[in-house]
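*Asks:* The structure that follows is given in the form of structure tokens.
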Amino acid sequence: MKAIAIRRGETKPTLVDVPRPAPDDGEVLVQTLRVGIDGTDHEVVRGTHGGYPTDEDYQILGHEAVGVVVDATTTDFEEGDLVVPTVRRPPAVGSNTYFDRDEPDMAPAGEYVERGIAGAHGYMAEFFTSPERYLVSVPEEFAEYGFLVEPISNSEKAVEHAFASRSAFEWTPESALVLGNGPLGLLTLAMLNQDRGPYKSFDRTYCLGRRDRPDPTIDIIERLGATYVDSRTTPVPDIPTEYEPQDFIYEATGYAKHAFEVIEALAPSGVAALLGIPEDWTFDVDGGSLHRDIVLENKALLGSVNSHVPHFEAAKESLAEFPDWFVDELITGVYPPEAAERAFETDDGVIKTVIEFDTL
Ligand code: NDP
Ligand code: ZN
């Protein structure tokens with residue numbers, strides 16, 4: 001079968017021919033429809049994040065997938081069911097408490113592998129297998145865009161943790177700022193702009209980028225009803241005076257200074273969730289001032305990575321609520337597996353691209 005992989009020592013994805021996997025009992029064989037590409041995939045291809053499966057000289061890419069069950073073996077799935085897989089699996093040495101508790105997203109390094117990212121093959125192939133418990137059913141209308149459930153689920157988890165950190169007192173957030181206008185930032189902005197669940201309370205949303213107009217991401221930000229903030233003219237610490245202090249901040253730039261600058265942009269009792277994954281960078285900060293600010297204004301900072309089944313379930317609800325124009329504008333290219341190299345090319349006109357293996 002066809003698969004898109006990165007070979008050791010290379011920095012471009014290649015189409016490879018590999019054996020079709022065979023499901024064991026309790027596993028499901030899935031025929032892949034579409035696999036999304038995000039910033040993490042680019043980091044894997046560049047070699048700055050994740051790693052190869054042990055003893056393999058290539059890694060099949062892709063962790064955001066949607067596909068159809070073609071062999072349900074002994075599971076409760078049925079052939080024809082549409083599914084989205086989660087990303088983390090137990091390490092080769094066997095299971096551990098995080099997986100036993102169904103909280104693999106809380107496992108520390110070494111206690112998991114990540115399909116398509118770290119230590120395990122991904123979903124960018126005509127078929128993949130997965131144990132039943134790591135597959136989430138999605139409705140038939142998700143055949144085209146269901147791969148977005150995975151990235152949205154990362155944000156559902158971050159927001160759940162942020163709200164949980166403020167649950168000991170009466171917290172009614174009204175302003176929210178997303179740092180980053182990449183695919184994760186834009187998906188999160190759309191999520192926060194829903195008139196549903198915890199998102200209802202946000203009246204005013206902002207999204208930070210560093211682009212000149214005209215730009216397709218700025219168009220999306222404004223069409224969602226949010227305010228575009230340019231970090232070149234309004235650095236994050238100036239946002240409270242230029243706009244307003246922020247009750248909730250979601251960081252998706254991977255720009256390490258933002259992890260500290262958000263403290264100054266938060267309103268009293270506000271919380272910031274950090275999701276970006278920066279490389280090492282040493283710089284000066286006024287640690288005393290930031291420390292004092294967090295303490296005296298009851299602010300919270302949290303890191304959040306990955307997600308699990310409940311977050312995928314929440315993400316399904318968000319995806320179903322997104323306006324059609326939003327996903328159409330977000331997906332700027334759909335490519336066959338043979339055009340993998342083009343699918344990984346980036347410029348300011350590219351927001352999110354997808355590999356299409358099949359359609360329903
Ligand atoms: P991208 O790299 O596509 O997006 C990052 C965006 O941030 C870009 O649009 C970039 O702008 C913008 N940006 C970077 N620095 C600045 C700055 N100083 N001021 C304003 N804007 C800035 O990545 P994704 O959207 O796919 O993901 C975002 C981050 O989240 C990545 O670091 C990724 O690794 C991480 N991630 C974390 C997950 C988790 O579970 N924790 C899950 C998925 C992703 P421009 O394009 O103009 O350069
Ligand atoms: Zn991702």
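The backbone N, Cα and C atoms fix where each Cβ goes, and this holds for glycine too.
Quick paste of what TrEMBL says about this protein:
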{"type": "BINDING", "residues": "Thr40, Glu114, Glu150, Asn154, Asn306", "note": "substrate binding site"}
{"type": "BINDING", "residues": "Asn181, Gly182, Pro183, Leu184, Arg210, Arg211, Leu275, Gly276, Ile277, Ser304, Val305, Asn306", "note": "NADP(+) binding site"}
{"type": "DOMAIN", "residues": "25-140", "note": "domain 'Alcohol dehydrogenase-like N-terminal'"}
{"type": "DOMAIN", "residues": "143-357", "note": "domain 'Glucose dehydrogenase C-terminal'"}
*Asks:* Starting from each candidate's C-beta and looking 10 angstroms out, tell me which of the binding-site residues Leu275, Ile277 has the most other C-beta atoms.
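*Replies:* Answer returned by the neighbour count: Leu275.
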*Asks:* For Asn154 (substrate binding site), which of the listed binding-site residues (Pro183, Leu275, Ile277, Val305) have their CA atom within 10 A of its CA?
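*Replies:* Among Pro183, Leu275, Ile277, Val305, the ones whose Cα sits within 10 Å of that of Asn154 (substrate binding site) are Leu275, Val305.
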*Asks:* According to DSSP, which of helix, strand or coil covers Pro183 (NADP(+) binding site)?
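*Replies:* Looking at the DSSP assignment, Pro183 (NADP(+) binding site) belongs to a helix.
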*Asks:* Within 10 Å of the Cβ of Glu150 (substrate binding site), how many other Cβ atoms are there?
*Replies:* 26
*Asks:* Within the domain 'Alcohol dehydrogenase-like N-terminal' (25-140), count helix residues (DSSP H, G, I), strand residues (E, B) and coil residues, in that order.
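*Replies:* Summed over the domain 'Alcohol dehydrogenase-like N-terminal' (25-140), the classes give 19 helix, 43 strand, 54 coil.
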*Asks:* Does any of Thr40, Asn181, Arg210, Val305 have a Cβ within less than 6 Å of an atom of ligand 2? These are the binding-site residues; tell me which, or none.
*Replies:* Thr40
*Asks:* Just to be sure I understand: of Thr40, Glu114, Glu150, Asn306, which binding-site residues have a C-alpha no more than 10 angstroms from the C-alpha of Leu275 (NADP(+) binding site)?
*Replies:* Asn306
*Asks:* Let me know how many other Cβ atoms fall within 10 Å of the Cβ of Thr40 (substrate binding site).
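*Replies:* Neighbour count, Cβ to Cβ under the 10 Å cut-off: 23.
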*Asks:* Roughly how many Å lie between the Cα atoms of Glu150 (substrate binding site) and Asn181 (NADP(+) binding site), rounded to a whole value?
*Replies:* 18
*Asks:* Say you check the Cα of Arg210 (NADP(+) binding site) against those of the binding-site residues Thr40, Glu114, Asn306; which is nearest?
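*Replies:* Smallest Cα separation from Arg210 (NADP(+) binding site) among Thr40, Glu114, Asn306: Thr40.
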*Asks:* Restricting the comparison to the binding-site residues Thr40, Glu114, Asn306, which residue's C-alpha is spatially nearest the C-alpha of Asn181 (NADP(+) binding site)?
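*Replies:* Nearest in space to Asn181 (NADP(+) binding site), counting only the binding-site residues, is Thr40.
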*Asks:* Determine which residues of the same chain, besides Thr40, Glu114, Glu150, Asn154, Asn306, have their CB within 8 A of the center of the CB atoms at the recorded substrate site, and list them by sequence.
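*Replies:* Sorted by sequence, the hits are His63, Glu64, Val87, Ile117, Pro151, Val305, Ser307.
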*Asks:* Under 6 Å from ligand 1 by Cβ, which binding-site residues from Glu114, Glu150, Asn306?
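*Replies:* Passing the 6 Å Cβ check against ligand 1: Asn306.
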